[in-house]
């Protein structure tokens, strides 16, 4: 069987079938090789999505069969649930704080690293490491411990005369500690920035230097425009991720979204509705609203990108 | 063309087989060597894990043909995971259950009617407790142990402050006075009297029962009004403002472990908790740790009750109902198992095991046992199992009170919020 599947398509052309057979066979083989991914996408992604779309129009508690209720979940969400809107505002606050700061830090470190001559590899790995660790629950738990009342950050700040008394137990401060966890993982966008910076032709800087342009002038007129496609890419990517933040908020608040709902981000509230309160229909509706919202924000970003993203090599792109 | 089609379908078959392996869709046949394999899940701490594993090993030695796979998690995680498994028709053969799950799981056909399996004896279990595991006359789950609430406190600090020790008949007013005096005493070194009782639905229930009311009525409606809850929160919030109980920043750190309670963090002198977990304070407080009864209502009505701390049940879909019943019987009724498990799930519900195990209990288990003995036959019946839909209300309760203690809402506003959500959850 294996032999059959892996034999080159043109090894044994069937007697019948005429001229078109080789192409069809090649297509067949392509589908066979693709099938694990196609099947995976269909069974593990598309099917669950379709089911969740259906569930979003039902009242479903996981035990009794789903009951069709039309748009009831959506109207309840938008008009009767104050906590839903609190979670939306919390998430927006988080996105607005975490994404720009993370990108700014990533860009600053990338520019600093670009001119480092020795040990570049070491610094790059060191700054990238948090991105590898950061998504895990264990780091988030460590985060809870160090920002707790009597944790190391709190003790350090108290030692310097800044007495906050723990971050995770104060509304306002708690979401900041969640955002800091994200900002700390600036390694991934940094590596992409670094690659982008190295693509900028050195002649541009040389020419500018000859004309007497200052560092700031070079940065504004060469680096930023030339880097704008990469900046745009990072912005879209990080923003989509930020809207779906879950693990740090879950761990920092011990799964409760506290204090006083201040870390109850969108997906945490979704989890709470679905898995604690057993309202799977409502949770599905929330998931679809989030998908649409992220879609809209991304579309808006793409629209505005026309006015600030500069593709220097537009013409080269057709070559390959 | 035909060869082509055969080839494609062969390849497809191969891929599907591979896919099946990858997703672990293999059949769940017997274990190696024709052994019966049972899956047993529960929630708990490392101490319970060690003792449970030991008991399971003993059972496997006695029944070489049965192989038991165990897994455990923290309470919140366990509930969410079990609900998902059960909904997917994949509930474990034997599971530890909470009071709040029985109703939902029994009426949804997830639990096996254990009354039909004579292997499982229930004659030695207290009648009143046994009834809490029955729904519509069928015994879906058996209580493993019982617990009751308590005021755990640091007796050394209490004495130094010169406050009279708690008595069996102290009222909520006595309690409030004691907390005010404790927090004001110089010897307390800035510690407050207690955790803020406003965040706990469990404490609220005892307070309600002391006034002859209840969380839920017999026909599964709310047993209290917005006014009751407002009164409770105004009282606790007043104590918070006076500094007699923990500030919002300490209260919000509660995460279900004793280490993160104000008493566990050495910021308070007393705490409310169920009796079994109180042993966890011993490492922090030391020998001065004592347990007092919950305060009673103005007219002396005691609100506290013996609650079945957890149950064992079996899946309606298990392939081996007989062996599952045998295993539950072992956990509940076997003397050797009883000696190994001790009071790790609470004081055993089985009368014989209790008589047998109690004198042998070591360390803090003995204190808990003595604490329970003073109430024997003196407490009112436990309330019926909470209705469907109440699963998330305990969290809602502390969340709404968070809004009060951080002064984002008045007690009345928060109470209105809670009642609205509770009614929606109970579908009233």
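Count begins at 1; order follows the chain as displayed.
Any Cβ shown, glycine's included, is placed from N, Cα and C.
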Stated TrEMBL location of transmembrane segment, expressed as one of A:92-113, A:202-223 | A:92-113
Under 8 Å, at least three CB pairs between the transmembrane segment (A:226-246) and the transmembrane segment (A:29-57) (pairs 6 or more apart)?
-> no
With pairs restricted to those 6 or more apart in sequence, evaluate whether the transmembrane segment (A:173-197) and the transmembrane segment (A:280-302) have 3+ C-beta pairs under 8 Å.
-> no
Proximity of the transmembrane segment (A:280-302) to the transmembrane segment (A:92-113), 3+ C-beta pairs under 8 angstroms = no
Residues of the parent chain within Cβ reach of the transmembrane segment (A:29-57), under 8 Å, 6 or more residues beyond its termini = 5, 9, 66, 68-71, 73-74, 280-281, 284-285, 287-288
